[in-house]
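Participant: Annotations for this protein, taken from TrEMBL, read as follows:
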type	residues	note
BINDING	I9, G10, A11, G12, N13, M14, A70, V71, K72, P73	NADP(+) binding site
BINDING	N57	NADPH binding site
DOMAIN	6-99	domain 'Pyrroline-5-carboxylate reductase catalytic N-terminal'
DOMAIN	163-268	domain 'Pyrroline-5-carboxylate reductase dimerisation'
Amino acid sequence: MEQRSIAFIGAGNMARSIIAGLVASGYAPDKITATAPSPARREPLARDYGIHTTDNNLSAASDADVIVLAVKPQLMEEVCRPLQILDFSGKLVISIAAGIGAERLNEMLATNLNLVRVMPNTPSLIGKGMSGLYASSALNPNDRQFAESLMQAVGEVCWVEQESGINSIIAAAGSAPAYFFLFMEAMQEEAIKQGFSTEQARKLVQQSALGAAEMVVANPDTDLATLRAQVTSKGGTTAEAIRTFNECQLSDTVAKAMRAAVSRAEEMEKLF
Ligand SMILES: NC(=O)C1=CN([C@@H]2O[C@H](COP(=O)(O)OP(=O)(O)OC[C@H]3O[C@@H](n4cnc5c(N)ncnc54)[C@H](OP(=O)(O)O)[C@@H]3O)[C@@H](O)[C@H]2O)C=CC1
Ligand SMILES: O=C(O)[C@@H]1CCC=N1
């Protein structure tokens, strides 16, 4: 893919995941800079991926063709203010922040940005990311294409037509790895109670999760309910487990949780 110089402003969990995936996919480490105030954040990135790091946001952003805003939403305004003096006309800005809209980002950087909002997730680290992208129709096709290729280098992508769709991407993908981790944690805990060691319990759970996910991917024409039915023998053990989940209204709980994620993103849009 096109090798533009990229500055990640913020070098935390999500920036690291994208950087790792990018470098593994062949993106030149020399073209990537990441910024963070603490050396403890920067040094492992420089060491592990061979990228440049600095605590100077202004110089990193000034030297870059592409600026990825990757700080916590509550810090975004403070981080953007000193960058207002830059000329953004030839730069592409990608924001991965949840709960900060395009209009607000234009306001924070005091200009009309060439902007793509991206909502990635941490499996980008291993090239298995799922990212949602939004750009206004005014964005030039080259920038649109670059943002898409960048995120494709670390996983799958899905464009949304309306900016509000980014909040639904958060609910379905950005936050979603945590839901699966939570489910696996609960399973591991119970497997331990049933007599397995922590390692055995983890292996049982992770291999089942991996196998299930890979079966979903390998059978694109089979719906999820059918895959579930194939495990569920009539009058058998799975049926009892599923009945228990249904009794506890698992689907409703999942729906509630996803709506709570959207509501929080909407709330953050007002706060920051
Ligand atoms: N984590 C996730 O799964 C996802 C996160 N996001 C979004 O990504 C963004 C970052 O989240 P996440 O990576 O989890 O957060 P982290 O807290 O892990 O990372 C934030 C980073 O910002 C750095 N930082 C703090 N202050 C400054 C500053 N003044 N200038 C430059 N960098 C600064 C921190 O450095 P230091 O440690 O030195 O303070 C840290 O490296 C958020 O906006 C979030 O909404 C989006 C999708 C998924
Ligand atoms: O929890 C958060 O706010 C961020 C956005 C999606 C995943 N992590």
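Backbone N, Cα and C define each Cβ position, glycine as well.
Curation does not apply to TrEMBL; its annotations are automatic.
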Participant: Per DSSP, to which secondary structure element type does A70 (NADP(+) binding site) belong, with helix, strand and coil as the options?
Facilitator: coil
Participant: Please state how far apart, in Å and to a whole number, the two most distant Cα atoms are among I9, G10, A11, G12, N13, M14, A70, V71, K72, P73, the recorded NADP(+)-binding residues.
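Facilitator: Comparing all Cα pairs, the maximum is 14 Å.
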Participant: Could you give the Cα-Cα distance between A70 (NADP(+) binding site) and N57 (NADPH binding site), in whole Å?
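Facilitator: So the Cα of N57 (NADPH binding site) lies 12 Å away from that of A70 (NADP(+) binding site).
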Participant: Using DSSP and three states only, what is I9 (NADP(+) binding site)?
Facilitator: strand
Participant: Using CB atoms and a 10 A radius, I'd like the single residue among the binding-site residues N13, N57 with the highest neighbour count.
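Facilitator: It comes out as N57.
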Participant: Per DSSP, what is the helix/strand/coil residue tally across the domain 'Pyrroline-5-carboxylate reductase dimerisation' (163-268)?
Facilitator: 87 helix, 0 strand, 19 coil
Participant: For the C-alpha pair, I'd like the distance in angstrom between K72 (NADP(+) binding site) and N57 (NADPH binding site), rounded off.
Facilitator: 15
Participant: Looking at the binding-site residues I9, A11, A70, which sits with the largest number of other Cβ atoms within 10 Å of its Cβ?
Facilitator: A70
Participant: Roughly how many angstrom lie between the C-alpha atoms of A11 (NADP(+) binding site) and N57 (NADPH binding site)?
Facilitator: 11
Participant: Expressed to the nearest Å, what is the distance separating the residue listed as 'NADPH binding site' and I9 (NADP(+) binding site) at their Cα atoms?
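Facilitator: Cα-Cα distance, the residue listed as 'NADPH binding site' to I9 (NADP(+) binding site): 6 Å.
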Participant: Limited to the domain 'Pyrroline-5-carboxylate reductase dimerisation' (163-268), I'd like the whole-number average of pLDDT.
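Facilitator: Within the domain 'Pyrroline-5-carboxylate reductase dimerisation' (163-268), the model's average pLDDT equals 98.
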Participant: Would you count the other C-beta atoms found within 10 angstroms of the C-beta of K72 (NADP(+) binding site) for me?
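Facilitator: Other Cβ atoms found within 10 Å: 12.
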